[in-house]
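Visitor: Pulled the feature table from Swiss-Prot, pasting it below:
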- 10-65: domain 'L27 1' (DOMAIN)
- 67-122: domain 'L27 2' (DOMAIN)
- 139-220: domain 'PDZ' (DOMAIN)
- 228-298: domain 'SH3' (DOMAIN)
- 368-560: domain 'Guanylate kinase-like' (DOMAIN)
- SER409: phosphoserine (MOD_RES)
- 289-383: region 'Phospho-regulated basic and hydrophobic (PRBH) motif' (REGION)
Amino acid sequence: MPALATGSACDTGLYELLAALPAQLQPHVDSQEDLTFLWDMFGEKSLHSLVKIHEKLHYYEKQSPVPILHGAAALADDLADELQNKPPNSEIRELLKLLSKPNVKALLSVHDTVAQKSYDPVLPPMPDDIDDEEDSVKIIRLVKNREPLGATIKKDEQTGAITVARIMRGGAADRSGLIHVGDELREVNGIPVEDKRPEEIIQILSQSQGAITFKIIPSTKEEIPSKEGKIFIKALFDYDPKEDKAIPCKEAGLSFRKGDILQIMSQDDATWWQAKHEGDTNPRAGLIPSKHFQERRLALRRPEIVVQPLKLSNRKSSGFRRSFRLSRKDKKTNKSMYECKKSEQYDTADVPTYEEVTPYRRQTHDKYRLVVLVGPVGVGLNELKRKLLMSDTQHYGVTVPHTTRARRSQESDGVEYIFISKHLFETDVQNNKFIEYGEYKNNYYGTSIDSVRSVLAKNKVCLLDVQPHTVKHLRTLEFKPYVIFIKPPSIERLRETRKNAKIISSRDDQGTAKPFTEEDFQEMIKSAQIMESQYGHLFDKIIINDDLTVAFNELKTTFDKLETDAHWVPVSWLHS
C-alpha cells in the first residue's frame with residue numbers, strides 16, 4: 001500500500017481558513033459568549049485532527065491503488081489443494097501450516113472484502129407486515145469500476161417487466177449480495193427502463209463507470225444457496241461464445257479449447273452453466289452450454305452421421321497391423337472388443353461435450369498407467385516405441401500378440417507370438433478377451449486384455465498401439481490409460497524428411513520395406529486428420545514427429561512427468 005502524504009498546500013490553506021473564520025464571523029455574532037464558542041470550536045485540536053484525516057483520505061483516494069486480485073482467499077485454498085497433491089517436503093508442510101492458520105485466513109478474507117468493495121452496508125430484510133399489494137422499491141448503489149456488472153437481464157413477454165435473468169458467480173453483482181435473480185429493474189442511474197429493450201439497458205450499463213444506482217423491486221422468490229462442491233470438467237470441444245447464436249449474452253460467455261480444464265461455478269440453469277478456467281485467479285465466471293444442451297443441439301445438427309470405426313482406403317496400404325499381423329486392405333479384419341455387443345457406445349463419441357475430471361498422482365504402490373500410442377501408418381510410431389524399449393528394457397514392456405498361424409522353426413511360443421488354436425481364439429473373441437483382432441491370410445491375430453495385464457503385473461510401463469476407436473474401451477479404472485497421438489508434420493516436411501525413408505509393405509508375409517510414395521504421404525495426412533477429428537477428445541497428448549530425436553525426447557519427458565506429476569483423469573477412475 002502506498003504511504004500517505006504528510007502534508008500539502010491544501011492542508012495549510014484549510015488550517016488558515018479555520019483560523020480566520022471566527023474573525024470573519026465576528027460582525028454577525030451578537031454576544032461575546034457566542035464569539036468565544038466559535039474561537040474554541042475552530043481551535044479545537046480534535047477538529048484539526050479530523051481535517052487532517054480527511055485530507056489524507058482524500059489524497060489516498062486520488063492514488064486509487066488497484067488490488068492485484070480480488071480472490072486471495074480462494075487462491076490460497078486452491079494452492080493448498082494443489083500442494084496436497086505434491087510430494088511432501090519441509091517447505092510444503094510449512095506453507096500448508098501457514099495457510100491453515102486462522103489469522104492468515106482472516107487477513108486474506110479482509111483483503112478480498114476491501115478489494116471487492118464489499119463493505120457497504122447490507123439492506124435489512126423486508127418487514128413481514130408489508131402490504132402485499134404494494135411493491136417494495138429498493139435503491140442499490142454498486143461500484144463496478146471497469147469490470148462487467150456480472151448479471152444478465154430479460155424482458156417478461158407477458159408483463160413487459162425487465163428482470164434479472166442470472167447472476168454471474170464472482171462478478172460485481174454477485175459480490176455485492178444485493179441483486180438477485182428475478183428482481184425487477186425500474187431505473188438505472190435515474191433513467192426509467194420500463195419501455196426500453198434489454199439491449200438498450202445493456203448499452204446504458206456499459207457506458208456507466210464507477211457507481212451505478214439501481215431502483216429495483218425485489219423478487220418474492222427466495223434463492224436457495226448452492227452447496228455444490230468443486231466440480232472440474234475437461235472440455236472435449238472448442239467453444240467461442242461470439243460464434244454461438246443461442247447464448248443469451250455473448251459478452252458473458254467463456255471461450256475454451258478442446259482439452260481445457262474448467263471449474264463449474266453454477267449448474268442452476270439447465271441450459272447454461274457458469275464456469276471459469278481452472279487456476280484462473282479472476283473470480284468472475286462465464287457462461288458455457290450445459291452438457292445436455294450441447295449434446296442435444298449437436299445431435300440435431302448432425303442426425304445423418306453414424307459413427308463407425310476408422311476405415312482407410314482399400315488400396316494396397318503400407319504396413320501390417322502394428323500390434324499384430326493385419327492387412328489393411330481386408331474389409332473385415334479390424335475389430336475391437338465389444339464392437340458387436342456395445343456398438344451403441346460409438347454414438348456418444350459422435351457428440352463429445354464434457355468429462356468430469358479430478359487430479360490423480362500415481363503412488364509408489366500403484367501399477368503404472370497403460371500408455372496407448374495412436375497414429376497413422378508410416379508416422380514413425382513403431383520406431384519411437386522401439387527407441388523407448390531400448391532406452392530401458394526393465395522399465396518399458398510391450399504385449400505379445402496371439403495368433404492361430406502355425407509356429408515357424410525359429411519362433412518360440414510366448415516370445416514372438418502366443419500360438420493358440422482357431423477354436424480357442426474364436427471362443428476368446430466371443431468372451432471379449434481381445435482388445436482388437438484381425439484376420440490375415442486366413443489366420444487370426446490379436447492383442448488380448450490379459451497380455452496387457454501381464455506387462456503391468458511385472459511393474460513395467462506397457463506400451464500399446466491400437467486403432468483409435470479402441471481407445472474408448474481401454475479407458476477404465478483398471479488401466480487408467482494415457483493416450484498419446486503421434487501426428488505427422490506437414491506434407492512438405494514429409495517430402496523433405498522421409499524421401500529416403502522406407503515403409504513396411506503388406507505385399508508379402510516377410511514385411512519387405514519399400515520407399516515412401518506421394519500417395520503414402522497423402523494417405524498419412526488424411527488418416528491423421530480423420531483420427532484427430534473423430535477421436536481427438538480422447539487424446540491426452542499430441543506429439544508431432546517431425547524430427548525423430550526431438551519427438552523421442554518429448555515422449556520421454558512426457559513419460560517422466562506422467563509418473564511424478566498430477567494429471568486430470570475421469571472421476572469414475574477414482575470413485576468407482
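Heads up, the Cβ atoms here are built off N, Cα and C, so glycines get one too.
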Visitor: Please list the DSSP helix, strand and coil residue counts for the domain 'L27 2' (67-122).
Guide: 37 helix, 0 strand, 19 coil
Visitor: Ten-angstrom check, please: count other Cβ atoms within 10 Å of the Cβ of SER409 (phosphoserine), all chains counted.
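Guide: A 10 Å sphere around the Cβ of SER409 (phosphoserine) contains 4 other Cβ atoms.
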Visitor: Is it possible to list how many residues within the domain 'L27 1' (10-65) are helical, extended or coil according to DSSP?
Guide: 49 helix, 0 strand, 7 coil
Visitor: What is the number of residues in the domain 'SH3' (228-298) that are helix, strand and coil, as DSSP sees it?
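Guide: Helix, strand, coil within the domain 'SH3' (228-298): 14 helix, 24 strand, 33 coil.
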Visitor: Please compute the mean pLDDT of the model over the domain 'L27 2' (67-122).
Guide: 83
